[in-house]
Structures are given as structure tokens and as C-alpha cells.
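The structure appears right after this line, and notes come after that.
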């Protein structure tokens, strides 16, 4: 079935450009994350602050995750082959899941060290330079996170979007650390420093768990309600006389490429050539405005007599009832493996 309105060659060209953009973004992320990590560890060395250490330790996860994302994105670019007929796009979901696991592991390490400092105490040294370095690293995180978010949306990359969420959460971690340490400077309360680190650890645990949860949903092809609703709206808008009904729609997500299958009800007297022509026209219309690159595979069903009252194909040669109004496609019917009960014979 046709991939989109531009034709196969142009679609392949766009896929290639998107893949190059993902790799470029992943490389930028790796270099920037390493530099940010160095800034934060320099801040910890000069200050010996547990809160700054929690921020610096989490930044090591950024570097490992950025390296993994680069490797995974490069591997996910490989085209479909005999052993992987749906391509390698799901590898991006593994990257996001692993990144979430790394965040959670780092959070637990930070929590253990912070609790120890809270009970046994630890002297904080020079905070001024430490705060300046953390502030500078935070600004770099802001620019990097926004860049990855834009690149991830443009190329439909789950790995880059997960990295963006991670980097931006790291920014808020830095903001919290700076605010807390300024409070320490104003009050002199020694417990503020490890307490901030504990809060940071809990926040990172939540972030890591959320990324892992979302990645497993993608790996298991959990239905995306927003995506399926968007597809249903396109079907309602783009259907034309002869496209009697669409149901049992499913979407298999392989990274940024989607494989859609559905049952398509067409006039029973159409020959295979006519069905092929009309279904290709319908496919082109749908994929022209679908949010992702992909393909559609239709299972063809012949129409039933009960459809006559809602079928607007007025040139039908076997019509058994007068046309009254076009059938409104309901979301439940769109997803159901069975045709609507009112047309079942």
C-alpha cells in the first residue's frame, strides 16, 4: 500500500534526512552532556556540597544515556530486512527505557549518600564558585533540552524526546539545588544541603520511573488514544463514496514509522482492480495528513444490504434501500473487530 502522497522515492528521501537529523542531534547531546557533567563535578569539588553532588551524579547519567541514544538511533536507522520485516525502529524505545532505568539508579545512589550526610554531617566549603558553575551548567541544560525537544518532534524520535525530558528535568534539579543552597547561605542551616539532595533524588526517581513506564507502553504497543482518535478523524474527513465503512483499526509503532491495519468495507460488486485503485486513493489521502510516516494495510470486506441507508455511493447497481444519511463513524466502531451490529446479517 502507498506510504504517502509524495511517492515512495520522496518518502525514502525524507526518511533518510530525518535519520541524519537524529544522529546529528544525538551527537550534539553527547558532547554537550559531557561538558555539562565536567562543570557540575568541578562545582562539587570546590564546594563539597551534597546537593551539588546529587546534581553532578545525575549528569553522568546524561552522558551515558546520550552515548546509548547515539548508538541506538544509528542502529534504528537500519532498513527492514528478512528477519525484521517491520524495521528496527522499536530500538529507540529500548533506549528510552534504559535511560529511565539509569536515572532511577542514580537517584538511589544520591539518596544513600544524602541520608548519610544528613545523619553524620559534612562541612560545605566554597559555595560561591560552585553556584556559579551550577548556574552556567543549568543554562546549557536549558538550551540543550529545548534543542533536543525540537529535534525529537521534527524527526519523531522517542529516544531524543526522552533525552529532552531528562535534560529539562536536570535543569529543574539545578534550579532547586541553587535555590536551596542560597537558603543555606542565608540561614546557615546545615541540614538544608542533604535535604535538598534527598528531594532531588525523589524527583529523579519519579522522572526515571515515568520514562520507563512510557517506554514499556510503546514496546507493548499500548493503544495511544490521542493517535487513534486523530486517525479516526482523518478517516471521517477523507472517506468518499465507495468507502462504506472502516473498522478494526490498529497501529503498530516502530519508532517514527507506523504500520496501520484496518478492515475496509467496499461495494461487494467492485472487482479487484477497482478496489485496488480506490483503496490506494484513500490511503494517499489519509497519509498526507497523518502525523507520522507509515503504511496502511487494508483487509477488505464486502458491503451488506443494511449499509444501503447510510451509503452515499449513489451509483450502486445493487442498492436495496434509499439513501438517508451518511453513517457517523464512532470511535468504538472504528476500533471494533466486528462490523456494527445493525448491519450484521
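Cβ atoms are placed via backbone N, Cα and C, with glycine included.
Here is what TrEMBL says about this protein:
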- 27-220: domain 'Cation efflux protein transmembrane' (DOMAIN)
- 28-47: transmembrane segment (TRANSMEM)
- 59-77: transmembrane segment (TRANSMEM)
- 98-121: transmembrane segment (TRANSMEM)
- 127-148: transmembrane segment (TRANSMEM)
- 160-185: transmembrane segment (TRANSMEM)
- 191-212: transmembrane segment (TRANSMEM)
- 225-303: domain 'Cation efflux protein cytoplasmic' (DOMAIN)
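DSSP assignment over the domain 'Cation efflux protein cytoplasmic' (225-303) gives 32 helix, 30 strand, 17 coil. Remark: the transmembrane segment (59-77) contacts the transmembrane segment (160-185), by the rule of 3 or more CB pairs under 8 A. Spatially, the transmembrane segment (191-212) is not adjacent to the transmembrane segment (28-47); fewer than three Cβ-Cβ distances between them are under 8 Å for residues at least 6 apart in sequence. In the predicted model, residues of the domain 'Cation efflux protein cytoplasmic' (225-303) average a pLDDT of 88.
Packing against the transmembrane segment (98-121) from elsewhere in the chain are residues 50, 53-54, 57-58, 60-61, 64-65, 68-69, 162-163, 166, 190-191, 193-195, 197-198, 200-202, 204-205, 207-213, 215: each is 6 or more residues past its ends and has a CB under 8 Å from a CB in it.
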